[in-house]
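Taken verbatim from TrEMBL:
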REGION    1-51  region 'Disordered'
COMPBIAS  34-51  compositional bias 'Low complexity'
DOMAIN    59-549  domain 'Major facilitator superfamily (MFS) profile'
TRANSMEM  96-118  transmembrane segment
TRANSMEM  130-152  transmembrane segment
TRANSMEM  188-210  transmembrane segment
TRANSMEM  222-244  transmembrane segment
REGION    277-328  region 'Disordered'
COMPBIAS  302-311  compositional bias 'Acidic residues'
COMPBIAS  318-328  compositional bias 'Low complexity'
TRANSMEM  343-362  transmembrane segment
TRANSMEM  382-402  transmembrane segment
TRANSMEM  414-433  transmembrane segment
TRANSMEM  448-476  transmembrane segment
TRANSMEM  524-544  transmembrane segment
Amino acid sequence: MPSSANPMGRRRSSAQKYHTFSTPPPKSRGRPLSSESNSSSANGEAESSIAESPLPTGQMAILAVIALCEQTALNSISPYLPHMAASFPNVHHGQVGMYVGMIASAFALAQFATNFFWGWVSDRIGRKPVVLLGTILTAGCFVAFGFCRTLWQAIVVQALMGIVNGNQGVVSTCLGEITDRSNQSRAFTYLPVIYGLGGITGPIIGGLLVSKANQINENYPYLTPNIVSAAILTVDFILAFVFLEESLENSNTLPKLEKKVRDLFTWLWQFTSSSRPTYVRTPRPSYRHHTSSAARQRYSSESDEETDADPDSYSATPSSPLLHSPNHSNGLERDEVFNRDTILLLITYLIFALANVSFNSLYPIFAQAPTPTGRDLSPREIGLSLAFAGIVTIGFQICIFGKLRDKMGNKWSYRASLFGFVISFILMPFVGYKDPSDIDGGVSKSSILLAIELCLVLLVKTVATVGGLTSVLLLITNSAPNNQVLGSLNGLAQTLSAAGRTVGPFLSGSLFTLATRVKPKGEAMAFGVFGGVAFIGFLLSFGIRAPKLEADGFVDHDNDDHYKSDDDDEESSL
């Protein structure tokens, strides 16, 4: 087949070695086979098992565009949100932090309630419909947010935005499905780069486009950045509609109810063009199961008949997500999915998300607040500082992190990232102050020192975010027993992440509001609490030990003997 073949086909053919076992793969499937225990032909097989498959660059590019547009829009809010909340009627100046937390928590709470649902839906109707729906509805929410004039309007719109947006988990699922264990490290390395780009473009849009220069902007000073964000998401929707391929393998065997939803998208596509969406085309042969073509056709026809006759047969269809009935041949026991490593991974991911969003919420509030508790920065200064953090993200991810992760592995990179959060929380409340004379446009020595100190702390925090996000996405992907449960597992992970993002902004904003009454250094209280939470996550991360969570070719020397003895015990018992 030529090299320009469909990336889905390359993914499935390259993943053949992971899905052709007549029995479940051994626990050590993430490690290369030992040369002492295999014949020369097996050695060749082992070498090929860690040979890197070509990256599906076309689909990675469109996923990158989707992530970039969404991150640009979402990151555009933080520079002006404290000032927006302060402009609402009946908002006391000393309680701005709490109200900012309420607005941000509304978005995260809605995501917490719906993220697993979107992952569940994407396992049944496909990834593409979920991405398209989330993108266009989010664009509409941004337009509405620009017209908000009261606190409760802002909270309701942010809640609606969180309800309709489940794209982050679905994009991670797509990336996991179009790559395999040999090339996923390279693929996932680029995702935080995209988030970093969004961390540059978003704050610039939000910080620089806030204006009261004309009548419309005087009444709605925050409308312009929201209109620009909605326009970006609309372009994103069009590009995804045209170029995004469906990555769900069994999309052609969907039950009848979901087939109707899929047919609706087919009709919409055919109404606007002469082609059909890729997720309803006849799929290429799957290498993940031993079922013959005739057997698959026979099973499909029998399933359709059974579905018509018995509505309960839905639970036995191949597209059912996590746990099938016990007599289903492809079913998984709950313990296979929720083992110790997976549970600890999900808990620490919750803490990671809590620490990350709490810092992201605290920093603009802290920077905007008047001295001595805050640093009295303008939306423009806050936006530029966040843009600097985005530049650091890209530089670190492209130039340093890949090599560092290859040496440290996913688990140690994740642990180091959690510890980086601890350091950044400790340092932030001790940065200097801006000289009051700088209001007239001057730049004093103290302001330069403040900028340097802020950049250094944001550097540590940004590096921790980049390393942690890349590593945890790889760990979650590798923890899934197979791709049939990957969407649901990612949905569950994003649900727990959203739980952290739900309580983080409200708690951090409320703590900072309380900190304004504490003299001196009251701001250290809020940062210190979440630094302690991040330290707990750092300690718990040492319980994540399974070698299969690492990429192909990485040997985990700390746990190699432990898992080798487990494998030997299993072989001796047979």
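Positions of Cβ are set from backbone N, Cα and C atoms, glycine also.
Between the transmembrane segment (343-362) and the transmembrane segment (448-476) there are at least 3 Cβ pairs closer than 8 Å, counting only pairs 6 or more residues apart in sequence, which means the two stretches are in contact. Listed by sequence, the residues of this chain that lie at least six past the ends of the transmembrane segment (414-433) yet keep a Cβ under 8 A from its Cβ atoms are 348, 351-352, 355-356, 359, 362-363, 366, 371-372, 375, 408, 446, 449-450, 453-454, 456-458, 460-461, 463-469, 471-472, 475, 521, 523-524, 527-528, 530-531, 534-535, 537-538, 541-542, 544. Between the transmembrane segment (222-244) and the transmembrane segment (130-152), three or more CB pairs separated by 6 or more residues in sequence fall under 8 Å, so the two stretches touch.
Sequence-distant contacts of the transmembrane segment (96-118) (same chain, six or more residues past either end, CB-CB distance under 8 Å): 81-82, 85-86, 88, 130, 134, 151, 154-156, 158-163, 165-167, 169-170, 357, 361, 364-365, 368-369, 488, 491-492, 494-495, 497-510, 512-513, 516. Outside the transmembrane segment (188-210), and at least 6 residues removed from its termini, the chain residues within Cβ reach (under 8 Å) are 60, 64, 67-68, 70-80, 83, 171-172, 175, 179, 221-222, 224-225, 228-229, 379-384, 386-387, 389-394, 397-398, 401-402, 405, 462, 465-466, 469-470, 473-474, 477.
For the transmembrane segment (382-402), the neighbouring stretch richest in Cβ pairs under 8 Å, chosen from 130-152, 448-476, 524-544, is 448-476.
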